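Asker: Below is one structure. I have some questions about it.
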Amino acid sequence: MAESAVRIGLVLPDVLGTYGDSGNAVVLRQRLRWRGVPADVVAIHYGDPVPDCLDVYLLGGGEDEAQALAAGHLREHPGLRRAAARGAVVFGVCAGLQVLGTSFVSGDGKRHEGLGLLDVDTAPGRRRAVGEIVADSGAGPLTGFENHLGVTTVGPGSSPLGRVRTGTGNGDGTDGAVTGHVLATYLHGPALARNPALADLLIGWVTGSPPPDLPLPEVDELRRERLRAARRGARR
Amino acid sequence: MPLDSPVQAERRARTAPPRRTRVAVALARAAAAVSRGTGAGAGGVVGGRIAAALDPDVVRHLGRDRTVVLVTGTNGKTTTASMLTRVLEPLGPVAANRDGANMPDGLIAALVDRPDAPFAVLEVDENYVADVAQRLRPACLVLLNLSRDQLDRVGEVRAVERGLRAAVAGLPGTAVVANCDDPLATSAAMASARPVWVSAGGSWTADALACGRCGRPIQHDGPAWRCRCGLARPRPDWVLAGDRAVDSAGRTAPLALQLPGRANAANAAMAVAAAALLGVDPAAAGARLATITEVAGRYRRTTLAGHPVRVLLAKNPAGWRETLPLLGDRSPVVIAVNGREADGRDLSWLWDVPFEVLRGRPVVAAGERSADLAVRLTYAGVPHVRCADPVRAVAGLPPGPVELVANYTAFRQLGQRSGDG
Ligand SMILES: [Zn+2]
């Protein structure tokens, strides 16, 4: 698969793009290119049909109305669902996690249908979870920042991505959800920049085998610093 | 349509504030003087806190019988307020929070400091506008722009817009000067009974793509924009055209600014429109702006570790997009980023800044969160070195001019170290 470029879909950055989420596309593209695999980012805008031929789909965060619009658009244009059905990699953060689930309830109490790619349901919690989050996962400790009101319940059709050490995540001690090649987390924004093992897990799914090591001392340094800060209780 | 000519404002009978307020003000002034005298820092805010504790309604009493202008928005508050202050000064003393302390304690301190000033020009944090305006009943509210800034602290930008919209709706006597090229600012100002629209140029559209009213993406067509829900760009009363601001009656204010960049021209156009509303001749207002060379230490040229350094403030993606084009062609750039409460602890925004354009020049990642910046620069393909201390970062560069760009608290730390806080 190395001869043709990996195509990374940035899904609805104009409605789901609140927190620097496009960073995840930059990280995946660079980690592929640095290993000699050509990669391109394709932005899919609101109002446009969603192609079903891409290798990776990335969904970012967004506010309530934006999230409902995104879910509506992705239900109406079934490209993402079709791609997921044939095994394409899908990664969502924050609102992206909720949109990929079965359903979510917005702040005004309205229930919205999600894409059903993950067996999760989300309802508003009592207080906003804001701050550094650390969760232990199969890809090692994940570090990130969360900022959401949602409380997410993972059903039998998905498994949680990680177990929360610091922070809130899904709200029951777990964070995120995985079904097949669909993976999502409450670690928002450029989660893959802080968690290279997670980025490489997704890349391995795309290319069919785990990618070779890619030493980046800057990333190691940032991870050390953030994990240390979380231990010190640097949540606000 | 001048609201209340400056002369009238000055001649208006000045009723004495209640005794409680007089006592609060006297004690606050004393506290501020002591705090300044002992070098304990910005004495004003301490005084403001004391005055507020002694008289909960102190803001209303202090604002009475003055012509008050409030300036708010994500970026450009300090600069625009400083411009308006400069324009109004020939008419009489102006109470102003020049230090950028834009929460209630800072505003009280500014009013306490100049109790007799007939004018007050106050920059206000977006989240305090409703409360402050309710008490001060300003003649004019300047609404510059709205984009994301410190999401973890102040909440989402569209929630801020909804709050401002409600505040504006409750101020029937206040003229609202707003940038009609900014859909979120427009959505808020549209609630005003007396809007004045300034075409000051679009801000960073990525944030405003989702409509403040319905969440759908805004559709742009040249300068015009509209949403399917009906919200659309109103016809401007003022237009920024190159280095001049022109109103619909053809009045022109030349803007021969010393401050660099498109964002400052936009701030100037907003200031001129507000000043004209208060009865100032636009051309005279424009001429006054040419005398400003720095704003609260921003854009100042100084010497640091033997290098000529220009100091710039950029605290969010929109600010960075305005700052990047200002940087000299080849000079090294030191970027200082902190992540304190006042900066926002979430550094995700670094990924919304197109740092890729810095490729090909020496870059130093500095500040308390230089590790986050270093990762962003690595993925942007920008070779860099890391040195947490910005002054040492400058010292480590070869001789020659340096551009130093810092976010909020990193910028303030620099000011304290060069002794002009
Ligand atoms: Zn709309």
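Backbone N, Cα and C define each Cβ position, glycine as well.
Keep in mind that this is a model prediction, so the values were computed, not measured.
Positions annotated as active site by TrEMBL: B:ASP346. According to TrEMBL, the feature Zn(2+) binding site maps to B:CYS211, B:CYS214, B:CYS227, B:CYS229. Here TrEMBL flags B:71-192 as domain 'Mur ligase central'.
Please go over these features one by one and say how buried each is and what sits next to it.
Answerer: The number of other Cβ atoms within 10 Å of the Cβ belonging to B:ASP346 (active site), over all protein chains shown, comes to 25.
According to its DSSP assignment, B:CYS211 (Zn(2+) binding site) is coil.
According to DSSP, the domain 'Mur ligase central' (B:71-192) comprises 60 helix, 19 strand, 43 coil.
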Asker: For the binding-site residues B:CYS211, B:CYS214, B:CYS227, B:CYS229, which Cβ has the most other Cβ atoms within 10 Å, all shown protein chains included?
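Answerer: Per the Cβ count within 10 Å, the most buried is B:CYS211.
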Asker: Enumerate in sequence order the recorded positions B:CYS211, B:CYS214, B:CYS229, B:ASP346 whose Cβ-atom distance to ligand 1 is under 6 angstroms.
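Answerer: Checking each Cβ against ligand 1, the ones under 6 Å are B:CYS211, B:CYS214, B:CYS229.
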Asker: Measuring Cα to Cα, how far is B:ASP346 (active site) from B:CYS211 (Zn(2+) binding site) in Å?
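Answerer: Rounded to a whole number, the Cα-Cα distance is 24 Å.
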Asker: Measure from each Cβ of the binding-site residues B:CYS214, B:CYS227, B:CYS229 to the Cβ atoms of chain A, and list in sequence order the residues where some distance is under 8 Å, or 'none'.
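Answerer: Listed binding-site residues passing the 8 Å Cβ cut to A: B:CYS214.
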Asker: For the domain 'Mur ligase central' (B:71-192), report the average pLDDT of the model, please.
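Answerer: That region's mean pLDDT is 91.
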